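Structure first, then comments.
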Amino acid sequence: MASRFPKFSQGLSQDPTTRRIWFGIATAHDFESHDNITEERLYQKIFASHFGQLAIIFLWTSGNLFHVAWQGNFEAWVQDPLHVRPIAHAIWDPHFGEPAVEAFTRGGALGPVNIAYSGVYQWWYTIGLRTIQDLYIGALFLLFLAAVFLIAGWLHLQPKWKPSVSWFKNAESRLNHHLSGLFGVSSLAWAGHLIHVAIPESRGEHVRWDNLLTALPHPQGLKPFFEGQWGIYAENADSSSHLFSTSQGAGTAILTFIGGFHPQTQSLWLTDIAHHHLAIAVVFIIAGHMYRTNFGIGHSIKEILETHTPPGGRLGRGHKGLYDTINNSLHFQLGLALASTGVITSLVAQHMYSLPSYAYIAQDFTTQAALYTHHQYIAGFIMTGAFAHGAIFFIRDYNPEQNKDNVLARMLEHKEAIISHLSWASLFLGFHTLGLYVHNDVMLAFGTPEKQILIEPVFAQWIQSAHGKTLYGFDLLLSSADSPAFNAGQSIWLPGWLDAINNNSNSLFLTIGPGDFLVHHAIALGLHTTTLILVKGALDARGSKLMPDKKEFGYSFPCDGPGRGGTCDISAWDAFYLAVFWMLNTIGWVTFYWHWKHITLWQGNVAQFNESSTYLMGWLRDYLWLNSSQLINGYNPFGMNSLSVWAWMFLFGHLVWATGFMFLISWRGYWQELIETLTWAHERTPLANLVRWRDKPVALSIVQARLVGLTHFSVGYIFTYAAFLIASTSGKFG
């Protein structure tokens, strides 16, 4: 008999019901649970899959370059970045009638096209690409890289090239290589590209392979470097009247510390960016020589951790036992990696708009909104994943003997205190914030807006002032003309910073008031509640007073039958599942806030946000309803417009979202009865009953249905908001 899916589980492949298919898909990537898995094969499979992942990323980015080169308008956009709309790719759709073809033929194209809201045009322009040929060369190079990585992945699965477990567990060597090689050398290479290609291009000098070795990035070459006169590289920076991509007003500096933004492009100075990457490179290349490997010099991570015992003994045995615990647990390592990547992704969202590094991207409002929202949602999923794998670590990999009285054991021992404090913070934030919003709502409804409770965010304003924002009248640090920091800043470092922070046309340190204070606390409520659910899920994953033997049931179980009185909904997976809803809603509030604040800033009517954001009806009426009205009107009796695709996606997103509830609200028995009825009907219907099934149809398990419901909820939620965001922004600003 031919082997059936899934090959990795003999038991499951013999299941006579449709559970075989769904459970097979669900456990396909849980390598640890597969038949005949050894630690060595586990590590090798994961290692090989990393090469596949990188190949997919390179193929995808190659596709972006290729489609823009083939169907885009890059060269036309380069001539006039502020007025030509960048084209992502053409649309071929046989359903398009004349009105649709007309509506979607934009950006100087000959037929229907999609506009690019990803910022790739601005990115490629900033790093020195100027022609379609440049894009094609980039696409081919990335395609070649993808092939190299696929071959490397295959190679590392061959017996001769398979790394051993000891190689995977050599933490010091890996850290050295990742710090020096991955971060350090790649940052150095990027600084090199900026200095040799991007900065000359921004000054109208075209550097390509034919003149790379003959075009000097700086008139004095390497002489100042070897003489230690490094300051020469910062002299004669681009002037404030510099026209980007031309020599007019251009300087010769390559490494500067100007601060603020280029007046024309509204983006960070390229010479500042090159300086930043060079500094990062130096720091990380040094950091990558810190850990002890074959040469007997440098730090041993294990020794550092073992030595970390808190003074006075009040905090137990500190980090003792952590080295082996982390080094032997892939889930712990993945949890740490996801936690840091999640934070970094959220920081990227924050910095891409407040300190834009790509030329003209700050004036492309729809792209700014799309990139912020995209990175915040990605960050949310990655961060919840960190806690999920933290919980799996506690269930599968945590060994109480190895971690006696260290920080991990102590976290578990006083989990009640941690969870109850988080609970208190969430309750406090929720009741007070909602109380203020509802009070203000009632005052507006009764026609007495002056009775609203409006709280100025004085601490946040004080922090903004310390950084140089003079508007609030706090006279301190960088906002005080008498402070040493202010005086030093004029000449030595960041002279452009103070101009930028006090200029109302950018998004650096936005002016804040009572509306910001309220929504800030609403977001804090969401963050704390999400964290509460996730932390509780991980800390209770091994067991709780209610269910001390929980870890024996694994990561995801529905219940332990009716006999134990309430063991449903308490698996670590359930905590993750509930937290994702809170995460999505929290990021909803974050993106609503960001988008409304910026729409009013870009339209020049900040008063609308300031006045309407202090009560709930303001948010519902003046943000959601007002900005979705165009969307709902994408199709009408008078034809269609270029927003109609977003109108359709807005409707479709709601549909997908609502479908989620079908899986979330009704339980398994209902579906099992329905399936049995349909099966009965099928078997008794002529012609239909000629078609038989190999697997007996059964309903999804409770956990599987929750996953399907959660996926529909998440996808629908994001589709709906994406359509709303892009249509409402592009409808206003083009």
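The chain as shown is numbered from 1 upward.
Every residue gets a Cβ built from N, Cα and C, even glycine.
According to Swiss-Prot:
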TRANSMEM  46-69  transmembrane segment
TRANSMEM  135-158  transmembrane segment
TRANSMEM  175-199  transmembrane segment
TRANSMEM  273-291  transmembrane segment
TRANSMEM  330-353  transmembrane segment
TRANSMEM  369-395  transmembrane segment
TRANSMEM  417-439  transmembrane segment
TRANSMEM  517-535  transmembrane segment
BINDING   Cys559, Cys568  [4Fe-4S] cluster binding site
TRANSMEM  575-596  transmembrane segment
TRANSMEM  643-665  transmembrane segment
BINDING   His654  chlorophyll a B1 binding site
BINDING   Met662, Tyr670  chlorophyll a B3 binding site
BINDING   Trp671  phylloquinone binding site
TRANSMEM  707-727  transmembrane segment
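Feature map: Swiss-Prot annotations on the structure.
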{"residue": "Cys559", "record": "[4Fe-4S] cluster binding site", "contacts (Cβ under 8 Å, 6+ apart)": "Thr567, Cys568, Asp569, Ile702"}
{"residue": "His654", "record": "chlorophyll a B1 binding site", "contacts (Cβ under 8 Å, 6+ apart)": "Gly716, Thr720"}
{"residue": "Met662", "record": "chlorophyll a B3 binding site", "contacts (Cβ under 8 Å, 6+ apart)": "Gly709"}
{"residue": "Tyr670", "record": "chlorophyll a B3 binding site", "contacts (Cβ under 8 Å, 6+ apart)": "none"}
{"residue": "Trp671", "record": "phylloquinone binding site", "contacts (Cβ under 8 Å, 6+ apart)": "Ala699, Leu700, Ala705"}
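In the three-state DSSP assignment, the secondary structure recorded for Cys559 ([4Fe-4S] cluster binding site) is coil. Non-local neighbours of the transmembrane segment (369-395) in the same chain are 117-119, 329, 331-332, 334-336, 338-339, 341-343, 345-346, 348-349, 352-353, 412, 530, 534-535, 537-539, 541-542, 551, 554-555, 572-573, 575-576, 579-580, 583-584, 586-587, 590-591, 594-595, 598, 718, 721-722, 725-726, 729; each lies 6+ residues outside the stretch with a CB under 8 Å from one of its CB atoms. Cys568 ([4Fe-4S] cluster binding site) has a Cβ environment of 14 other Cβ atoms inside 10 Å.
Stretch with the largest number of CB pairs closer than 8 A to the transmembrane segment (517-535), among 46-69, 575-596, 707-727: 575-596.
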